[in-house]
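J.: So Swiss-Prot lists these for the protein:
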type	residues	note
ACT_SITE	E126	active site, proton donor
BINDING	C12, C96, C194	[4Fe-4S] cluster binding site
BINDING	H41, H74, H124, T164, S222, S223, N224, S266	(2E)-4-hydroxy-3-methylbut-2-enyl diphosphate binding site
BINDING	H41, H74, H124, S222, S223, N224, S266	isopentenyl diphosphate binding site
BINDING	H41, H74, H124, S222, S223, N224, S266	dimethylallyl diphosphate binding site
Amino acid sequence: MEVYLAQPRGFCAGVVRAIEIVERALEKFGPPVYVRHEIVHNKYVVESLKNKGAIFVEELSEVPPKAVTVFSAHGVARSVEEEAAARDLPVLNATCPLVTKVHNQGKRYITKGRTLILIGHAGHPEVEGTMGQVPAPVLLVQSVEEVNALTLPADTPVAYITQTTLSVDDTRDIISALQARFTDIQGPDIRDICYATQNRQSAVRDLSKLVDVILVVGAANSSNSNRLREIGTEAGVASYLIADGSELNPEWLKDARTVGVTAGASAPEVLVDDVIEAMRRIGPVKVQVLPGREENIEFRLPAELAAS
């Protein structure tokens with residue numbers, strides 16, 4: 001069986017930074033370190049950090065006084081930041097810098113007097129954080145139909161921002177609908193999109209031209225991993241999302257001569273290796289890494305940890 005590995009795949013710079021923040025905090029301050037929400041959406045990563053002394057909570061009320069606290073890569077609402085400050089909790093902010101950039105874009109648009117529209121998935125932690133960071137009501141849209149259902153007058157000055165785990169391709173139709181709907185509209189430069197989201201989706205599109213089956217390594221609650229699976233399916237290739245090798249169903253590969261493997265931005269390479277090993281237990285496997293866009297982006301750590 002020929003196995004093609006998509007490039008790039010797996011961890012993005014924001015995820016690497018977030019995990020390193022927790023690990024360095026544990027080294028510097030000692031366990032426990034409290035993390036609000038899953039640091040990234042991957043059970044393996046979360047369990048690994050738990051084993052090192054991290055404690056994951058959903059609300060700050062679960063954090064003891066004076067305990068070192070980390071905000072997840074998805075970002076948090078201002079109310080969460082204010083609660084942490086009121087309790088005098090020592091906070092390390094692992095919010096992805098590209099998410100913070102979206103927060104700042106939204107604030108600038110509000111300052112200009114524009115009604116803000118967020119393109120994203122309801123209930124996603126990043127969306128909740130972004131809506132809670134902007135000091136004004138935000139309209140959330142997830143589809144062209146929801147754009148058409150907006151009751152704002154056509155001449156309302158509006159601006160849009162997008163969830164970072166959505167690519168240019170994911171948002172293109174919604175943005176076009178917004179531009180057709182409103183006469184005075186602004187949005188971020190296309191260069192401001194999350195590089196990792198776009199690169200991984202483009203790699204899956206390339207992969208889909210070569211293989212009979214696509215396996216996406218990632219968590220069920222990972223937005224970007226689910227989207228990679230959808231892209232494979234949309235390209236007409238049988239595509240499956242799996243957390244690790246234990247979830248591999250041999251039936252998926254029964255008639256496949258070529259299999260493509262990729263991983264969401266929060267999935268570590270060790271899980272890709274685990275899936276390949278599971279395939280080897282089914283039959284002989286020859287692995288080839290496809291050429292793709294090289295990523296050399298690194299994000300700086302918080303000052304409190306940079307020198308540790």
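Sequential numbering from 1, following the chain as shown.
Glycine is treated like the rest: Cβ placed from N, Cα and C.
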J.: Below 8 Å Cβ to Cβ and six or more residues apart, same chain only. Which residues does that give for S266 ((2E)-4-hydroxy-3-methylbut-2-enyl diphosphate binding site)?
T.: F11, V15, V40, H41, N42, V45, G218, A219, S222, N224, S225
J.: Which are the residues of the chain, H41, H74, H124, S222, S223, N224, S266 excluded, whose CB is within 8 A of where the CB atoms of the isopentenyl diphosphate site average out, their centroid?
T.: V40, P125, E126, T165, A219, N221, S225, G264, A265
J.: Considering each pair of residues in H41, H74, H124, S222, S223, N224, S266, all listed as binding isopentenyl diphosphate, report the largest CA to CA distance in Å, no decimals.
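T.: Looking at H41, H74, H124, S222, S223, N224, S266 as a set, their Cα atoms extend up to 15 Å apart.
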J.: Going along the chain, which residues six or more apart from T164 ((2E)-4-hydroxy-3-methylbut-2-enyl diphosphate binding site) have their CB under 8 A from its CB?
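T.: Looking at Cβ-Cβ distances below 8 Å from T164 ((2E)-4-hydroxy-3-methylbut-2-enyl diphosphate binding site), excluding near sequence neighbours, one finds C96, L98, V99, V102, E126, I193, C194, T197.
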J.: Quick check on the binding-site residues: of H41, H74, H124, whose CB has the lowest count of neighbouring CB atoms inside 10 Å?
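T.: Per-residue Cβ counts within 10 Å for the binding-site residues H41, H74, H124 bottom out at H124.
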J.: Take the Cβ of E126 (active site, proton donor) and count every other Cβ within 10 Å, whichever protein chain it belongs to.
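T.: E126 (active site, proton donor): 25 neighbouring Cβ atoms within 10 Å.
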J.: Between C12, C194, which of the binding-site residues has its C-beta surrounded by the fewest other C-beta atoms within 10 Å?
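T.: Fewest other Cβ atoms within 10 Å, among the binding-site residues C12, C194, is found for C194.
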J.: Name them in sequence order: residues not among C12, C96, C194 whose Cβ is within 8 Å of the mean position of the Cβ atoms defining the [4Fe-4S] cluster site.
T.: A13, G14, V15, A73, L98, V99, T164, T165, Y195, A196, T197, A265
J.: C-alpha of C12 ([4Fe-4S] cluster binding site) to C-alpha of S223 ((2E)-4-hydroxy-3-methylbut-2-enyl diphosphate binding site): distance in Å?
T.: 14
J.: Does anything in the same chain, at least 6 positions from S223 ((2E)-4-hydroxy-3-methylbut-2-enyl diphosphate binding site), have a Cβ under 8 Å from its Cβ, and if so what?
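T.: Once residues fewer than 6 apart are set aside, S223 ((2E)-4-hydroxy-3-methylbut-2-enyl diphosphate binding site) is near H41, H121, H124, Q163, T165.
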J.: On the three-state reduction of DSSP, what should I expect for H74 ((2E)-4-hydroxy-3-methylbut-2-enyl diphosphate binding site)?
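T.: In the DSSP reduction, H74 ((2E)-4-hydroxy-3-methylbut-2-enyl diphosphate binding site) maps to coil.
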